[in-house]
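*Asks:* According to Swiss-Prot:
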ACT_SITE  S153  active site, nucleophile
ACT_SITE  D311  active site
ACT_SITE  H344  active site
BINDING   R221, D345  substrate binding site
DOMAIN    47-349  domain 'AB hydrolase-1'
Amino acid sequence: MNESGSIGIIETKYAEFKELPLKNGSVLSPVVIAYETYGTLSPSKNNAILICHALSGDAHAAGYHSESDKKPGWWDDYIGPGKSFDTNQYFIICSNVIGGCKGSSGPLSIHPKTGTPYGSRFPFVSIQDMVKAQKLLVEFLGIDKLFCVAGGSMGGMQALEWSIAYPDSLLNCIVMASTAEHSAMQIAFNEVGRQAILSDPNWNNGLYDENSPRKGLALARMVGHITYLSDDKMREKFGRNPPRGNILTTDFAVGSYLIYQGESFVDRFDANSYIYVTKALDHYSLGKGKELTAALSTATCRFLIVSYSSDWLYPPAQSREIVKSLEAADKRVFYLELQSGEGHDSFLLKNPKQIEILKGFLENQSSP
């Protein structure tokens, strides 16, 4: 554990609710939400910021769970004392999405009627349902209005949904490396990943036991991880270099890297959750053009939209579509395209300019 600039040891907490009506008409009952908080809620409860995670993320956004942890939470560079999301000033909340596998209700949860994991019997959940569950948590914490909702990638979709589903419940919205709907190409990559899982001999219609479809999930992660990088970064890091390990397994260093990414992913993620969450991403759509403008017209908060020059998964053009529609709806929006060679994952990586942009946007709003 490296405590330099960190908020230290953090405990994941759990909130349980009786039920959650879902968009498709079914009801999830009970509902458990795993979450973490950083900083102190002000007496007037007006300094709360909700951080929404991406596909493979979780509630552990900052700090460490134990002194033996080698790495902090996934956005530790941005959350903490004096950082972009300053815990000396703000009360930060991050929760695991429902349908995920990091403590919130999902396919790994025990079905109350069978006493066994839901597996593929878990109901389909949407981005709207994820946000609805977050709203339950925010109300449980006694907060009526959030100072800001922020997220990148899938987290950006959740932030957008917050702005239109609960317009009176947030003052600011930060959307990074995201989109208002998936393109055919983005859906295609997710479909290949899902088919890899479905083709695994251990799939068993999603009702697998400890013999889970690890090979299929590893392949899905390999495909997905390619989209998080950039051509320049891959050329710089790997080129056409040979692997260090078994040359019968792969001929190039980039192949060895992707195999490692896939194999390490299966130890921390669930195949069913991968299917559920990617489907939620693919089905989310606020439309284009006038339809998108109309969808965003109910929002009342300020927006910061950030894109990245080398992001080919959610290219800058998709962020500019959001900005154009927000402007057409006469909303207050700030837009920045950051030059970065890191691809889609740029929003996760430490970047002094990004740190200052986020901090400046929050500080230039009405003080909490």
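Note that Cβ sites are derived from N, Cα and C of the backbone, with glycine treated the same way.
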*Asks:* Around D345 (substrate binding site), how many other CB atoms lie within 10 A of its CB?
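*Replies:* Excluding its own Cβ, D345 (substrate binding site) sees 22 Cβ atoms within 10 Å.
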*Asks:* Whole-number answer please: how many Å between the C-alpha atoms of H344 (active site) and D311 (active site)?
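*Replies:* Between the Cα atoms of H344 (active site) and D311 (active site), the distance comes to 4 Å.
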*Asks:* When you measure from the Cβ of R221 (substrate binding site), how many other Cβ atoms are you left with inside 10 Å?
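*Replies:* Total other Cβ atoms inside 10 Å, all chains included: 22.
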*Asks:* Roughly how many Å lie between the Cα atoms of S153 (active site, nucleophile) and R221 (substrate binding site), rounded to a whole value?
*Replies:* 16
*Asks:* Rounded to a whole number, how many Å is the Cα of D345 (substrate binding site) away from the Cα of D311 (active site)?
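*Replies:* That comes out at 8 Å between the alpha carbons.
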*Asks:* Compute the C-alpha separation of D311 (active site) from R221 (substrate binding site), stating it in Å without decimals.
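*Replies:* Roughly 18 Å, rounded to the nearest whole number.
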*Asks:* How would DSSP class D345 (substrate binding site) in three states?
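*Replies:* Helix, per DSSP.
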